[in-house]
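Okay, structure first, notes after.
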Amino acid sequence: MSSSTRPTTKEVAAPPLAPDRLEVSTTRRAPSGRRLTSWATPWLFLLPYLVLFGTFVVAPIVYGFWISLHDYDYTLPGKPWVGLRNYTNLFDSDSITAGPFWDGMQATAIFTVFSVPLLLIVPLAVAIVMNQRFRGRNLFRAVYFAPYVLGVAVIGVLWRFLLDRNIGIVNHYMGVVGLPDDIPWLTSVPEAWVALVGVTVWWTLGFNAVIYLAGLQDIPAELYEAAKVDGANAWQRFRNVTLPGLRPVTSFVTMVTIIASVNMFGQSYLMTLGQPGTETRTVIYTITETGLRNFRMGDAAAMSYVLTLFLMVLSLAVFWLFREKKAA
Amino acid sequence: MNDNLGFGSSISRRRFMGLGVGAAAGALIAGCGGGKSAGEAAGGAGGGAQPAATFSGTYDGPDVTLSYWNGFTGGDGPFMKQLVKDFMAEHQNIKIAENTVQWAEYYQRMPAAVTAGKGPDVGAMHLDQLATNAARKVIVPVDDVANAIGLTEEDFTPEVWQAGIYQDARYGIPLDVHSLAMYSLPAPMQKAGISEMPTDGESFTAALDELKASGTANPFWMPTRWPAHLMFLSLLWQNGGEPYSEDGTKATFDSEEGVAALQWMVDVINKGYSPKNVAQDSQYVAFKNGEVPITWDGIWQINDLKSAGVENTLSPVPKIGEMDHVWANSHNFYITRQTTGDDNKLQAAKVFIDWISRKSAEWAGAGMIPARKSVRETAQVQDSPQGPIAAKIDTLKFLPPVPGLGDVQAQTLEIAVANATLLKESPADALKSQASRASKLMEENKKKFG
């Protein structure tokens, strides 16, 4: 904390003491009721949130970890303690959990690697266009944001039928315009990844675009004017004014998009059923199947913790990346 | 937030909530079962395992409300609703609160709800789930109901009757049986000059060839997901194989018979009768649209096709292999452990099951085959569209009553069938790797459930 921040409660309440007054001062401090209140005030303000946070975040985290140390099937009365076996199983290729888990991690990685860059760049382009003045701008903004309003169930069922290889309208119209009309969008890789990433970008780009748009509107117009006066062309203005101005927003969007992509579940659950085989079955999908359908809560909890660890490392890396740039 | 992408951008919260099944802080410590194995503890503490009080046949206690869960979301739903209404009209002191949940979600939610004391008192479930839920002590024995109704093996086929028994106790009262069947569209069949529905492998292939010759490029679409695994099981049984060992510790669907069954399915694609990459449900939608003249599906689709106005013929699945067999399942009534300790509820639940079991002829309207022989032989059933299937009830095959088998099958056998029919793997390779995985899961289940 820098010296310019306002004095803390302690600094106000207890000014620097001369050594000879120290003893007197401590004896005087104890009986004072006002001091107790001043100590409790911030906590009282935090209390409502802390209760929710404790009940719905901290307690489940601790409980989840406890579950991960057991052979945990909640419908059975016995939940034997297994120590770290659920974790070591994940790293033992002979166990029944390791295969599906790492396949899921791989599927999630593929999805994240392809969806995140697109979800950062395409919405930025859309936001820049939306930020221009032209007729029908509001309609344009609404059109791009509209898909985001729909839930994953609607999106999944809709695209499952549109993209069907044999009866889908996408292949039909591709055939009409002379393109191949037998592309297995949902039952073969890499086509299924194209479909899943494509649908996700179409669906959620509106959200990122709106955040970018808010960021763009925060960049002072004078900067652009000054750049113009200095003879900067459109690209140079974008490179040197827009991008730096968007940095905090970009950092937020990147983080949120990565987390959302790693958590992808609904699209592959509804559109591809994890097909072909289990190749598009993401890690969240695997965890759901393991814990909620097969009642192997212990294994599922252990998988979640390993995934969380990966996600934390990834988030730190992103955080660090954006901080570095800021310092430069 | 951008959380529609997955479960939530605030990952830790949502994920852990999911895993904790909404566990509040108070439940923190409650879950520890000490050092006992699951089976041991289950043996000692099963509140629901005791045989229930004997059943008198009537209920004349105070007013009681029964929570009744089922998964009749399709064309069968309205028939069940009518039965429930009729029951309540006849029994003023029993109120039925019906809750209909899709079967796919049902087996996930029901045990959780019963564990929390907010589940059904009585309900319907599939035969192949009875053992699982009995082992989990979610449901309680109903031997006395069977005795009181006077049901014996002779009333049913031995297969249906015995599959409801787990560890010497009966857990389900069969309501109906339903199997895979063959649907066809009359118009293209006539155009191809086919007057008799094929009954064996040879006539089936001949029919497909004639349909092809008459202008249907792909007459029989091979699904890769549901009901592909049911087709595979039917063919495996027809070849004389068994998917699982009798004691429930080993998967045997990668046997010679299994490979031959899956090879037949793959050949349907390779010989051009089916397009490649048939995604979930598209063979059925294409059938409804009139694009595919023949498809295999569950008999309960009768009402869906009727309400969609699709004229069709229903006939038994042809005998492709050496034996006449077809996959089947059965809806069974059960009582949960929630009712134990409340004798009024228990009695009322038994009265409900008894009553509805006697009314199963009405249930035939839902497209099912009544489980009771006496009902099956009524004209009402024999003249129904599923009549020809009902006549062949002895050919129906059911999965063995092994706890946890349904989940194992969904993770292994279904994946193997999908991989082979998507032409990603050869039938032998696909079945072999998934069968060894299934065996491992079954061994673990055996340990868990004892």
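Note that Cβ sites are derived from N, Cα and C of the backbone, with glycine treated the same way.
In TrEMBL, annotation is done automatically, which means it is predicted and not curated.
Taken from TrEMBL, the feature transmembrane segment covers A:43-66 (among others).
Feature annotation from TrEMBL assigns domain 'ABC transmembrane type-1' to A:105-318.
The transmembrane segment annotation in TrEMBL covers A:109-130 (among others).
According to TrEMBL, the feature transmembrane segment maps to A:142-162 (among others).
What TrEMBL records for A:192-214 (among others) is transmembrane segment.
Cβ atoms under 8 Å from those of the transmembrane segment (A:246-266) belong to residues 108, 111-112, 115-116, 119-120, 123-124, 152-153, 155-156, 196, 200, 204, 208, 211-212, 214-216, 219, 282-285, 288, 307, 311, 314-315, 318-319, 322, 325-326 of the same chain, restricted to positions at least 6 beyond its ends. Taken from TrEMBL, the feature transmembrane segment covers A:246-266 (among others).
Counting residues 6+ beyond its ends, the transmembrane segment (A:302-322) has Cβ neighbours under 8 Å at 64-65, 68, 86-87, 89-90, 97, 101, 105, 247, 250-251, 254-255, 258-259, 262, 283-284, 286-287, 290 in the same chain. The transmembrane segment annotation in TrEMBL covers A:302-322 (among others).
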Selection from A:43-66, A:142-162, A:192-214, the stretch that has most Cβ pairs under 8 A to the transmembrane segment (A:109-130): A:192-214
